[in-house]
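Colleague: Let me give you the structure first, and then I'll get to my questions.
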Amino acid sequence: MPGIGAPPSSERASSSMYKLEIDLKRGNNLAVRDRGGSSDPYVKFKLSGKEVFRSKTIHKNLNPVWDEKTTIILDCLSDPLYVKVFDYDFGLQDDFMGSAYLYMESLEQQRCIPVTLVLKDPQYPDQDLGSLDLSVTLTPKDSPVEERRDSTSTTMLLRRSWKRSNKQQSLRLSELHRKSQLWRGIVSIALIEGRSLIPMDPNGLSDPYVKFRLGHQKYRSKTVPKTLSPQWREQFDLHLFEETGGLLEITVWDRDTGRRDDFIGRCQLDLSTLSKEHTHHLDLPLEESRGFVVLLVTLTASSHVSIADLSVTPLDDPQERREILKRYGALKSFSNFRDVGIVQVKVMRAEGLMAADVTGKSDPFCVLELNNDRLQTHTVYKNLNPEWNKVFTFNVKDIHSVMEVTVFDEDRDRSADFLGKISIPLLSICNGEQKSYVLKNKELTAPTKGVIHLEIDVIYNTVKAAIKTIVPAEQKYIEEEPKVSKQLLQQNFNRVKRCIMVLISYGTYINSCFEWESAQRSIISFVMFVLVVWNFELYMLPLALLLLLVWNYLFSRDTPDTEIAFGPAACKIKTMEAMFDWEDVEEDKEDKESEHKGFMNKLYAIQDVFFSVQNALDEVASNGERIKNTVNWTVPFLSWLAIAALLSAVVLLYLVPLRYLVLIWGVNKFTKKLRDPYMIDNNELLDFLSRVPSDVQVMHYRELRVDPGQSPSKRRRPIQS
């Protein structure tokens, strides 16, 4: 691969510390990777297999100008700097645009040297991929600690022997790794609307959506079709990793089926100019076209986010635990509704992991995700039974969130290999209990090799948790792209079919009463019908649903079916192994560029229809299953909340005339927009149902046990615990 200089064969590397200052200037004639004949390039620097710098992305430019500087501290010159260029693709895997090596042993020290790196692809060495212009300065450094503490420079301490370093050095790097993950604040963004956008489609309209980027964090809004004044009304949070704020990049796009989306305009927001703990109403003009984007932005300090060793566990300190319990006690129920609680996760160790490397070992690390909050352990090299012994603390914004714990194998020059995963609903956690969880595959449908040992504690305020249940749930920044799946379509169809069959069975039962198939049943039904109709009042509707929930709580919960525990009480449902036939499905490969454009457009159109049908079936089936699981007490917290809501409805309908209730509802609906023009509207019933797990999600959350008589690699179905 091309590079500057070549590593000498006999020269010994010096043991002194060095400072490498790099000025990334520009790229020349870079490779085309997008359908529009351009690229969105950015540059990565890697040293000893670790990423030490990533540039900003320059959109739609084959001759980008970065003018970015970085400083790297290193203790040897034998390892070359690996420079890689990528084309940024939102939500997809970025395209490789070329790479080169910078050999530092060949650089003259204490002098600024202009460097041109010729980019090449190792698989296609004859291909012309352009070049990068840099200037580098290499100087000896006598005080690495002072340089590392300099907050005004982008400095990273790197050691050649990252994997097999001494204890003191490992602790230093572990501390840097820990600090780099912790965010200092939260940016709450409400995307309200767009105004006067330019038309990009032949019909004189656009299908606009917005992309946000803050550092490595990304968010994409929904698409509003056929409008130049879209109303998005979305709210989401991003993390602030810098005390000074950061630069929020906002781009507006027009969605096009079958070809690259059209760029409408961009704008930037310097968060350091905004005061904290205050909501700012911003009308941001698009820089490269006409139009505005309207935002509400609030900067708040983060709380209860930490990484520590087992020796300094926050909740194990009695005084700190009392303070946290007081913070989420009943007296604090109506203050700061965004702070619902905290969750503490002790990640002790894993056993029997899958061997991902050719040496028969793995380099495992563990990633914990709670909605969009993400923390990870250090890597334990060449070990199938790693011990991490770390404690992670997250702030809980929604008690119905799910903690996802994933184990990966670290690789030097490519993405990490998946080793296993589990999903744990916060409401299913028993505080202070150390448990062993069998790792599952990516789809969370069958066990894979390995067990992970965790201990989790959750402390939350019940009133805040109940209020958050009827507001929109937090969405993932980037959802996985939908895939064409015949199996998934069939599965969703079967789920809808089961819901319809339940309704048909109820209809058949009612019809049997009319047909006098059982005289006793028909007589009882007739007497009940006369009594209910003669004495019917509107409050009896929620009362009937309330009695159904109570009946299931008292009687149906004792039936000898498969047990699924969500919280202190357990609910029983029918075995789901017969409901779902999980199969291993290979991911669809990307379409080849050589296929004809007309055919590709038709294919994209067919896929859009396919996705719409697939998602519609999933939504219908999920809502039906969630109603059933509410009645079946799958999540006792939500069933108790439903009882409280129905009991309130019974009392209101019994005491207050219906016309007054309808009048209050109508006045609220008509005046809501006048009282708060930027309010994000929601449907409380659908928000409640979104917190109830569907049957598919219940399968994902179920704990598994290992069948000792079967090899993990041959297991096809989960074994119920």
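Each position is counted from 1, following the chain as shown.
Placed from the backbone N, Cα and C atoms, the Cβ positions cover glycine too.
Curation does not apply to TrEMBL; its annotations are automatic.
Model, not experiment: these values are computed from the prediction.
Positions annotated as domain 'C2' by TrEMBL: 1-117, 167-284, 318-439. Taken from TrEMBL, the feature transmembrane segment covers 526-551, 637-665.
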Colleague: Please report, as numbers and ranges, the same-chain residues at least 6 past the borders of the transmembrane segment (637-665) whose CB is under 8 Å from any CB of it.
Modeller: 399-400, 427, 465-466, 469, 537-539, 541-543, 545-546, 549-550, 553, 566-567, 630-631, 688, 691-692
Colleague: Go through the chain and flag residues at least 6 beyond the ends of the transmembrane segment (526-551) whose CB is under 8 A from any CB in it; none is fine as an answer.
Modeller: 513, 630-631, 633, 639, 642-643, 646-647, 649-654, 658
Colleague: For the domain 'C2' (318-439), jot down how many residues DSSP puts in helix, in strand and in coil.
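Modeller: Counting residues per DSSP class in the domain 'C2' (318-439), I get 16 helix, 56 strand, 50 coil.
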Colleague: Could you count the residues of the domain 'C2' (1-117) that DSSP puts in helix, in strand and in coil?
Modeller: 3 helix, 58 strand, 56 coil
